[in-house]
Amino acid sequence: MAFDFARATKYFLMWDFIKGFGLGMRYFVSPKPTLNYPHEKGPLSPRFRGEHALRRYPNGEERCIACKLCEAVCPAQAITIDAEPREDGSRRTTRYDIDMTKCIYCGFCQEACPVDAIVEGPNFEYATETREELFYDKQKLLANGERWEAEIARNLQLDAPYR
């Protein structure tokens with residue numbers, strides 16, 4: 001058996017240890033890739049699916065025409081809609097509820113809506129203390145729509161070429 005000088009040199013000089021230490025030092029002095037979350041927030045995609053919202057037209061009228069397509073397409077059966085006819089013959093929603101504990105954020109409701117009434121907005125920070133707060137009624141959904149309308153409209157415009 002012959003003496004392997006190269007292998008012995010690597011072993012005695014702890015070459016693997018030196019390579020590992022160098023790699024660790026390189027990552028130690030490099031900029032950190034993580035964000036300090038509550039204080040720093042990363043960019044969101046225009047296609048991000050967050051908290052649900054009902055939108056209104058610019059004149060203030062509700063967009064929802066009570067076609068119930070979103071209710072029919074929801075795989076989790078999280079949406080409940082009741083409607084009544086208006087004087088002019090069109091329909092109006094009297095009840096629009098979403099059970100956020102059932103919702104799987106698939107976006108089918110948004111895709112099925114012919115008038116872009118129900119959308120999933122940019123808000124992802126809506127933790128609650130009780131389960132009942134995750135049952136969204138029509139007023140809560142309309143308030144979300146009013147709060148996030150500018151960003152929702154911008155995101156829908158950016159996403160329009162892909163729809």
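Along the chain as shown, the residues are counted starting at 1.
The backbone N, Cα and C atoms fix where each Cβ goes, and this holds for glycine too.
According to Swiss-Prot, the domain '4Fe-4S ferredoxin-type 1' annotation covers 54-84. For the domain '4Fe-4S ferredoxin-type 1' (54-84), the residues of the chain that approach it from at least six positions outside its boundaries are 90-100, 102-104, 106, 108-119, 138, 141-142, 144-146, 149, 152, judged by C-beta separation under 8 angstroms.
The [4Fe-4S] cluster 1 binding site feature in Swiss-Prot is assigned to C64, C67, C70, C113. Sequence-distant contacts (6 or more apart, same chain, Cβ under 8 Å) of C70 ([4Fe-4S] cluster 1 binding site) comprise I79, I81, F108, C109, Q110, A112, C113, I118.
Under the DSSP three-state reduction, C103 ([4Fe-4S] cluster 2 binding site) is assigned to coil, being neither helix nor strand. Residue density at C103 ([4Fe-4S] cluster 2 binding site): 21 other Cβ atoms are found within 10 A of its Cβ, drawing on all protein chains shown. Residues or ranges marked as [4Fe-4S] cluster 2 binding site in Swiss-Prot: C74, C103, C106, C109.
Remark: secondary structure over the domain '4Fe-4S ferredoxin-type 2' (94-123) totals 5 helix, 9 strand, 16 coil, with classes taken from DSSP. The domain '4Fe-4S ferredoxin-type 2' annotation in Swiss-Prot covers 94-123.
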Just give the helix, strand and coil counts over the domain '4Fe-4S ferredoxin-type 1' (54-84), going by DSSP.
-> 5 helix, 9 strand, 17 coil
C109 ([4Fe-4S] cluster 2 binding site), number of other Cβ atoms within 10 Å | 24
Which residues, given as numbers and ranges, are at least 6 beyond the ends of the domain '4Fe-4S ferredoxin-type 2' (94-123) yet have a Cβ under 8 Å from it?
-> 44, 48-55, 62-65, 67, 69-70, 72-84, 131, 134-138, 141, 144-145, 148, 151-152, 155-156
Sorry to bug you, but what's the C-alpha spacing from C67 ([4Fe-4S] cluster 1 binding site) to C74 ([4Fe-4S] cluster 2 binding site), rounded to the closest Å?
-> 13
Those binding-site residues listed as C64, C67, C113, and which of them has the most Cβ atoms within 10 Å of its own Cβ | C64
